[in-house]
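Student: Quick one: this structure, given as structure tokens, is what I'll be asking you about.
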Ligand code: 5RP
């Protein structure tokens, strides 16, 4: 099966977790786009959705979904999103689509994070996928120097301004053997808004599609 078919299969499989009358947090990306399509088929059964990006909001609106502001709710049972990489402890790299800050906020506000991936996203150690970091524009060169001190090779993602008006640095050559501690230390660099390591708030449930079907890992 090609990768798009695997993304579609896992996007539709996530529907089984959606109970009636709930609000669902929605991530960003091509896998999530398939989940949005699947969700639209049961849209009358749910209360609405909280979106993590303009791209997802656009698609959700196209399907006539009820978009709810995170500030208007007190709890969120599920957040559904994909990842760029995930390890066996369910820690992830996210941010390929530059929506990592909103994604981390909604994921953290949710009771359960369901990560939907095709099997190509599974890794033994995070870091082969360049680590995205959202940074305040004036701090760019300072943050680059700080990241070089920890052994990374940060590259400025040209022509990308995040929805929060910031820039993205993609850090190459990192071997992330301790995601919790690296997430914490990069978060402490002044000017860093969000680091794309999702380790403090990792996935609770992982759905993985491969040629044989969709495997579910529940903690
Ligand atoms: C966006 C993300 C996405 O989850 C990640 O990039 C995976 O995307 P795709 O489903 O297109 O492979 O973190 O910021």
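Glycine residues also receive a Cβ, built from the backbone N, Cα and C atoms like all the rest.
So TrEMBL lists these for the protein:
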ACT_SITE  103  active site, proton acceptor
BINDING   28, 29, 30, 31, 81, 82, 83, 84, 94, 95, 96, 97, 121  substrate binding site
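Where in this structure would I find these features, and how exposed are they?
Tutor: For the recorded site, residue 103 (active site, proton acceptor), the DSSP three-state label reads helix.
Mapped onto three states, the DSSP output places residue 30 (substrate binding site) in helix.
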Student: Going by DSSP, give the three-state secondary structure for residue 94 (substrate binding site).
Tutor: coil
Student: Listed binding-site residues are 30, 81, 94, 121; which sit with C-beta under 6 angstroms of ligand 1?
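Tutor: Near ligand 1, sequence order: 30, 81, 94.
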Student: If the substrate binders are 28, 29, 30, 31, 81, 82, 83, 84, 94, 95, 96, 97, 121 per the record, what's the largest distance between their Cα atoms, in Å?
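Tutor: Looking at 28, 29, 30, 31, 81, 82, 83, 84, 94, 95, 96, 97, 121 as a set, their Cα atoms extend up to 15 Å apart.
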Student: In whole Å, note down how far the CA of residue 30 (substrate binding site) lies from the CA of residue 103 (active site, proton acceptor).
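Tutor: Cα to Cα, residue 103 (active site, proton acceptor) and residue 30 (substrate binding site) are separated by 15 Å.
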